[in-house]
Ligand code: PEP
Ligand code: MG
């Protein structure tokens with residue numbers, strides 16, 4: 001094993017613990033597999049496996065409840081009941097008596113339930129995934145394979161995976177996971193975004209990560225993007241000391257965002273729903289700069305009702321009575337597929353396909369329903385509601401969106417600047433809407449023609465690329481308020497550069513707020529401008545970073 005493994009650091013901080021790897025999919029046991037002839041013994045093996053799966057799920061449920069995750073316990077207990085279902089046991093027994101091997105018998109018996117559930121309406125159909133998980137656990141046990149999904153552990157661990165699915169991360173307890181390491185994923189993949197939202201250090205795009213043996217202690221540095229297997233005690237102590245020093249500098253980082261000379265830069269939070277409000281408030285967010293509404297509806301096969309939407313929006317508006325809440329309309333497609341808004345047929349390049357606002361041309365009713373729910377949620381609230389569209393390309397699209405907003409009674413329409421064409425013609429778009437918000441994740445993806453989901457292109461998915469900064473400049477200079485809500489805003493050094501380019505607010509995952517606030521208040525607007533000019537004059541992302549830092553002398557006091 002090499003001394004140190006390098007990937008892309010996407011969520012800062014250090015984490016130390018033993019590796020636990022998410023196992024891959026459990027294969028279907030071959031059709032026609034037969035047991036050796038002792039049906040009674042085979043039946044006993046099968047039923048014991050189901051029983052063990054149920055017991056394991058119940059004990060995971062009890063652990064979830066201890067950490068206050070009552071909903072998690074309910075789901076796990078319901079799964080345990082599926083494993084203990086007497087009808088299922090009868091089905092398994094009947095198959096075994098016909099000669100079928102235990103693993104295949106379990107697989108087929110689950111199949112009968114699966115079909116019943118799948119055809120039984122939306123709520124029950126959604127349980128098919130839970131049922132499949134129970135089946136896979138039983139089959140894995142019978143075939144001697146590792147358990148699928150996030151492994152159980154009695155001690156905090158470093159979670160290693162090829163990539164993380166939203167379903168894997170939903171049940172994670174941040175107190176148990178000390179770091180994420182994945183083979184796939186770029187700096188703007190949703191693994192990275194989730195890691196930052198949870199405040200867990202993370203390294204992505206690390207080749208061979210899943211080859212690290214389970215149980216190996218590793219030291220993960222989410223700032224440097226490194227993973228050191230079997231570190232010495234001194235190395236672990238030094239890493240913990242550095243993060244403790246930074247933590248104490250951050251404790252005094254409070255209040256509204258400003259440069260040292262008093263130039264106000266509101267610092268806002270990126271959220272995926274009401275569940276993220278608490279962390280945003282705790283980190284001192286002055287409002288919400290990006291409400292990713294599609295995160296509310298990721299696992300739905302039908303559109304959410306008007307009332308449901310209104311409630312989810314109202315809760316957020318009420319949490320920031322004196323602030324602003326910038327809501328993004330559904331950004332379905334590409335890296336954020338929504339089951340109830342499928343792409344129109346096979347798209348060879350989903351990132352260049354009908355995603356975001358483009359999809360709403362086919363579904364004007366979905367957009368109108370969302371805008372209507374937003375307008376009703378804002379009625380009578382003091383928070384300022386601003387609504388923006390994702391993936392806008394030109395002035396005509398901006399004008400169309402503004403008209404839809406006006407019709408729904410939304411007073412402050414805006415657009416995201418994510419497409420290079422929109423950035424280059426920002427002046428045209430600025431006359432149609434009230435504000436811009438630059439999505440640097442997609443802007444970088446499109447400027448550098450590097451799919452954000454391809455781990456091997458992490459070096460090109462870097463918002464420090466001078467070409468990306470060249471695209472930020474015209475949007476920030478178009479004469480209307482212009483925030484940044486891509487992950488670039490959460491990089492404390494780049495945040496200073498963005499302010500130097502004329503950006504008027506910054507929105508990021510809650511855990512990034514204190515460090516950005518601390519970096520900004522230590523520098524003047526003029527220093528930020530000089531850093532921005534130096535970065536744009538550089539010829540590579542690396543040089544841009546170095547050049548900017550030379551004009552931001554107080555970064556060192558933050559250990560940056
Ligand atoms: C972006 O593209 O920068 C952005 C904020 O949107 P998302 O990451 O949700 O695509
Ligand atoms: Mg985007």
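Here the Cβ of each residue, glycine as well, is placed from N, Cα and C on the backbone.
As given in TrEMBL:
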type	residues	note
ACT_SITE	190	active site, tele-phosphohistidine intermediate
ACT_SITE	485	active site, proton donor
BINDING	292, 328, 441, 442, 452	phosphoenolpyruvate binding site
BINDING	418, 442	Mg(2+) binding site
DOMAIN	155-225	domain 'PEP-utilising enzyme mobile'
DOMAIN	253-522	domain 'PEP-utilising enzyme C-terminal'
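For the binding-site residues shown (292, 328, 452), fewest C-beta neighbours within 10 angstroms: 292. By the rule that a residue counts when its Cβ sits under 6 Å from some atom of ligand 2, the recorded positions 418, 442, 452, 485 yield 418, 442. Taken through DSSP, the domain 'PEP-utilising enzyme mobile' (155-225) splits into 17 helix, 19 strand, 35 coil. Sequence-distant neighbours of residue 442 (phosphoenolpyruvate binding site): residues of the same chain at least 6 apart with a C-beta under 8 Å from its C-beta are 188, 390, 391, 416, 418, 419, 452, 486. Counting only same-chain residues at least 6 apart in sequence, those with a Cβ under 8 Å from the Cβ of residue 441 (phosphoenolpyruvate binding site) are 188, 418, 452, 463, 486, 487, 488. Checking the binding-site residues 328, 418, 441, 442, 452 against ligand 1 with a 6 Å cutoff on the Cβ atom leaves 418, 441, 442, in sequence order.
In the three-state DSSP classification, residue 442 (phosphoenolpyruvate binding site) falls within a helix.
Taken as a whole, the domain 'PEP-utilising enzyme mobile' (155-225) shows an average pLDDT of 82 in this prediction.
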